Amino acid sequence: MALAGTSKVVLGCIAFGIFWVMAVFPTVPFMPVGRTAGSLLGAMLMVLFRVISPEDAYAAIDLPIIGLLFGTMVVSIFLERADMFKYLGNLLSWKSRGSKDLLFRVCIVSAFASALFTNDTCCVVLTEFILKVARQNNLPPQPFLLALATSSNIGSAATPIGNPQNLVIAVESGISFGQFLLGIFPAMIVGVLTNAAILLLYFWKYLSVEKDQEGGQPEGPEVVADDEVTSHRFTPARMSHVSSLNPDDVDCISEPIIRSNSVSTSVNENLRSRSINSEADIQLAIKSLRASSMSHEMVEVSTVPDRRDEGASSRKFTRTASQQRSVIIEDLPPSPESNGEKEKEAEVAEKRWKILVWKTAVYLITLGMLIALLMGLNMSWTAITAALVLLALDFTDAQACLEKVSYSLLIFFCGMFITVDGFNKTGIPNTLWELVEPYSRIDSAKGVALLAVVILILSNVASNVPTVLLLGTRVAASAAAISHDSERKAWLILAWVSTVAGNLTLLGSAANLIVCEQARRAQFFGYNLTFWSHLRFGVPSTIVVTAIGLLIVISY
């Protein structure tokens, strides 16, 4: 495609330049409107400048990609409501054997979670939890935040639903979910392990410091689960059971019973002198008091006339104090409070059962969606179907759930499709590709290396999704001239490099920015992950992981 007219090229470059500035620097001082408004502004300028017609602008919006994005967002929302990410967070700290073990777990868990639930979602829900774990163990947060961001990017490369650029590649290339997974999953595994090894080597000195020797950062407050806080909370209502344990013992006015009361008093005083933190302690105290009173109770002797002899003869019988208490308790009517507590317990049990059934249904539907994707069914409609089934089974108004969908991201994609299509019509991308294409064929090692460098640089300059939209069809057409297998391999190379390229700089991936912002705004555990601290680790990690992964993808 030759270059368009001069005015069309200039105006198209201006519109694309504004879009690029808004996408890479969403809070620029002269127009801090954000990425979504920036993409719409670029699309509007493309139409106003007559670089693209209104009809072509509407046609440029890729509806299958929008539908796939929407479906995966809704499924992720339901998985978050079903505590899937809470379980993943608990898995990070379960029987952890130290800082290095925790770092390795963060790499593995975030990688696999990103492959199934997108890297952005994984970073949103796990950042603050990882910060808390690091602060509580008096560990430096930086290696764990870098592990989360970089491993999420690497892990998201394994599946078409892992990140937005993979969605674009899967739809435009026609590669099935299974073929995509088989082509990149081995590279993802090796890449995550390599990234974890580089992290351990880079931060070995910091992670080897003993917990009590690592000064400079105060340990944060202990984080306790809500159910643990409830069960261990001290309340006067619970202490009232201790203050009136044996009220009927007062009626037994005998010396032995007085001795038992003295024992009870001593136990009571010991009970008051210690801190009671749970219902189990109170029940244990009650049992000890009853055991001590029973061991010291004496038999009360009473004289009752025997009516059968019609005389003054009398019969003696005995009754212990505990029997007296049982008689009194049996004569009393059932307390309405106890009935109310039983009803509440029944309601709680019923609610727990319903929640368990609902969570199981969410997990099964998600599993069914993944199986359908592996079977090669249409990815967009599979995700939309799973989302609608979840909404229907929720049996509530769907508005609350749909409000959590990131419509700003969907609108951003719509504006980006129009802007990139308009920029393609200027002929500039095609002209630049014609200069590079003879030297970047994937049938040679030098060609693969040059193509990877171009993708790597362009992904950090123009962001990875616009890079895929600009280079995708051109790279595939160049590889198709070699063979059909080379075309599929070219798409997989583009997916791998454009995704891992996000680890190069802090601005290279939206997941990096999410981790940075979530960590900075975290209450009590805030941490500022700077651009340069990310760059010092990102450069060597990205180069090594990209190179190793390319060798595996090419050999597929």
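For all residues, glycine too, the Cβ spot is worked out from N, Cα and C.
Features of the protein shown, as given by TrEMBL:
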type     : residues : note
TRANSMEM : 9-28     : transmembrane segment
DOMAIN   : 27-501   : domain 'Citrate transporter-like'
TRANSMEM : 59-79    : transmembrane segment
TRANSMEM : 102-131  : transmembrane segment
TRANSMEM : 181-204  : transmembrane segment
REGION   : 297-322  : region 'Disordered'
TRANSMEM : 361-393  : transmembrane segment
TRANSMEM : 405-423  : transmembrane segment
TRANSMEM : 448-471  : transmembrane segment
TRANSMEM : 491-515  : transmembrane segment
TRANSMEM : 535-554  : transmembrane segment
Cβ pairs under 8 Å between the transmembrane segment (102-131) and the transmembrane segment (535-554), at least three: no
Run the contact check on the transmembrane segment (9-28) against the transmembrane segment (361-393): 3 or more C-beta pairs under 8 Å, excluding pairs closer than 6 in sequence. no
Maximum Cβ pairs under 8 Å to the transmembrane segment (405-423) - stretch from the list 59-79, 181-204, 361-393, 491-515: 59-79
With a cut-off of 8 Å between Cβ atoms, can you find at least three pairs linking the transmembrane segment (361-393) to the transmembrane segment (59-79)? Only pairs 6 or more residues apart in sequence count. yes
